[in-house]
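So the structure is just underneath, and the comments pick up after that.
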């Protein structure tokens, strides 16, 4: 402990694995390894295919590349502490290291939310204004959107580590997960955390909350456009281009909203439920997104098959 008058700060926190199943951690690590491997290999393959295939140099696939990079970052943020705990029972994480991990986890989560919104906007323009799509979403515009997304996440979350460092901590130092999460750290403080709660809620609602609302609005407008199409085939073709994105949105937002609600209002929720939702939120989307897009996107699938044939030849 570091002591300065009445100010206490732990030198480290203790991470938790899956409560009640500590003896099975080595076995539980097997599906986690499979998910991490799928996330790392799958997203790298997506990036490689898009980079090497000239026909995929379009706004939809540029945004998909951003999503793949974000998913890689999320997987790499939690992999060392999660597998370190499951394999070697390394529970200790330094205070500053914990804040750093927390900052990048939240930044990448906010970036993923914004990228999904950008992808929804791309689908809306492509379906509602197909002739104007190339002129609206040029390479320069896509690059500017990407930079704005990153800056938005970095700036909005910059105060969070400093708000946590100013708090006095006492008693418990055990985190609820094998990674650092803002509400989790905040709840270990024995000081007034109203500022942290208020700022965290405002930032969450003004970023991820607004992104989700605009994604829903985009799909309402898309459905209105699709309904006006003359034939059933055109209608199904237009909707089919959105299936992958809808799956990615559901896989990301449902566990994220669930975890936020549990941390803020679910004091009586069993620890196992809290842990499973947290892992679903941070590990499942990076692993599933490349699988979803590889299966549902004809262009990605064909480019992947061509690359495999060239390698065999």
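Just so you know, glycine gets a Cβ as well, placed from its N, Cα and C.
Just so you know, TrEMBL annotations never went through curation; they're auto-generated.
Per TrEMBL, the features are as follows:
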- 24-50: transmembrane segment (TRANSMEM)
- 42-293: domain 'G-protein coupled receptors family 1 profile' (DOMAIN)
- 62-88: transmembrane segment (TRANSMEM)
- 100-121: transmembrane segment (TRANSMEM)
- 142-164: transmembrane segment (TRANSMEM)
- 197-222: transmembrane segment (TRANSMEM)
- 243-264: transmembrane segment (TRANSMEM)
- 276-295: transmembrane segment (TRANSMEM)
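Counting residues 6+ beyond its ends, the transmembrane segment (243-264) has Cβ neighbours under 8 Å at 67, 109, 112-113, 116, 119-120, 123, 181, 183-184, 187, 197, 201, 204, 208, 212, 215, 219, 273-274, 277-278, 280-281, 284-285, 288-289, 292-293, 296-297 in the same chain. Nonlocal intrachain contacts for the transmembrane segment (24-50), taken as residues 6+ away from its ends with a CB within less than 8 angstroms of a stretch CB, comprise 17-18, 56-57, 61-62, 64-65, 68-69, 71-72, 74-76, 79, 82-83, 85-87, 89, 279, 283-284, 286-287, 289-291, 293-294, 300, 303-304, 307. On the 0 to 100 pLDDT scale, the model's mean across the domain 'G-protein coupled receptors family 1 profile' (42-293) is 91.
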